[in-house]
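Worksheet for the structure shown next.
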Amino acid sequence: MNTFPNAQEGAGEKVNHPFIVALDFPTAEDVKTFLQPFQHESLFVKVGMELYYQEGPEIIRYLKEQGHRIFLDLKLHDIPNTVKRAMQGLACLGVDLVNVHAAGGMKMMEAALEGLDAGTPSGESRPYCIAVTQLTSTNEQMLREQLLIERSMEETVLHYASLAHKSGLDGVVCSAKEVPLIRQAFGESFLTVTPGIRVATDEKNDQARVVTPYEARKLGASAIVVGRSITRAADSYAAYERLQREWNGEEQK
Ligand SMILES: O=c1ccn([C@@H]2O[C@H](COP(=O)(O)O)[C@@H](O)[C@H]2O)c(=O)[nH]1
């Protein structure tokens, strides 16, 4: 079974197969209210554009102080020099995982790693860096008609993953549906971080390629990212526990 970076021997499922909670909130106050029932849990959280653009590095410092591991999901996509310099700045925040869009190309992805290496304080390890292949909100029709990509979703995701792999990145963001192909091509240590997670009763919202936590685990995903199924649930803590049990294979849905 594949393990996630920083996996600790004997630490169990929560650390080795992270369940990443997307903190898609507009303010730090909203985050603090949401996290209240989780006071005694050390979570793996995701800070995305909505929260980071409002609250900046301060929210990262706060979450680290609370003992949470952090995926800073800013999906950088720009010319190589800009991405390198931006990553150099982000490296000092001490987050665990950052990302770029593979569509930026290999030079850009290599530049992202150079920036991270240059900005990581000495004695610390750089954050893991992964690339978005195709957003989980994209379906085959959008691929063809809007992005003018004629290959299938699977071929496209695999190609973008190969660019990330050749560039030296640590893994990709994809749908769990594409994980078996990626695992077969690049092995167990290449990370597959998979959003677009829903249980059967959930609204899909804007997601197109959705998978349940149980299926994601069976397909071999390194980690799942779950947002609204928890953050918009009437009882977020109960939803977290239920989905976590599914991800850990204790309950099948
Ligand atoms: O392809 C991608 C890349 C990133 N995301 C992010 O994951 C969460 C998913 O939230 P849900 O509420 O569970 O749909 C969100 O923060 C996205 O920005 C993604 O969904 N797909």
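In case you wondered, yes, glycine gets a Cβ from its N, Cα and C as well.
Predicted automatically and left uncurated, TrEMBL annotations should be read as such.
Here Asp73 (active site, for OMPdecase activity) comes close to Ala22, Lys46, Val47, Gly48, Met49, Asn99: these same-chain residues lie at least six apart in sequence, with C-beta atoms under 8 angstroms from its C-beta. Sequence annotations record features per position, and here TrEMBL assigns active site, for OMPdecase activity to Asp73 (among others).
As annotated by TrEMBL, active site, for OMPdecase activity applies to Lys75 (among others). For Lys75 (active site, for OMPdecase activity), the count of additional Cβ atoms within 10 Å of its Cβ stands at 17 [all protein chains shown]. In the three-state DSSP classification, Lys75 (active site, for OMPdecase activity) falls within a strand.
Look at TrEMBL and you will find Lys75 tagged as active site, proton donor.
Non-local contacts of Asp78 (active site, for OMPdecase activity) by the CB criterion (under 8 A, 6+ apart in sequence, same chain) comprise Ala86, Gly104, Met108. Positions annotated as active site, for OMPdecase activity by TrEMBL: Asp78 (among others).
The substrate binding site annotation in TrEMBL covers Asp24, Lys46, 73-82, Thr136, Arg198, Gln207, 227-228. Around Gly227 (substrate binding site), the C-beta neighbours below 8 angstroms that are at least 6 residues distant in the chain are Val21, Ala22, Asp24, Lys46, Pro195.
Per TrEMBL, the feature domain 'Orotidine 5'-phosphate decarboxylase' maps to 18-243.
In the shown protein chains, 19 other C-beta atoms lie within 10 A of the C-beta of Asp24 (substrate binding site). Filtering Leu74, Thr136, Gly227 by Cβ distance to ligand 1 (under 6 A) retains the following binding-site residues: Thr136, Gly227. Lys75 (active site, for OMPdecase activity) and Thr136 (substrate binding site) have their C-alpha atoms 13 Å apart, to the nearest angstrom. Long-range Cβ proximity for Thr136 (substrate binding site), meaning a same-chain Cβ under 8 A and a gap of 6 or more residues, is found for Cys174, Ser175, Thr194, Pro195, Gly196, Gln207, Ala208, Arg209, Val210. Mean pLDDT for the domain 'Orotidine 5'-phosphate decarboxylase' (18-243) in this predicted model: 97.
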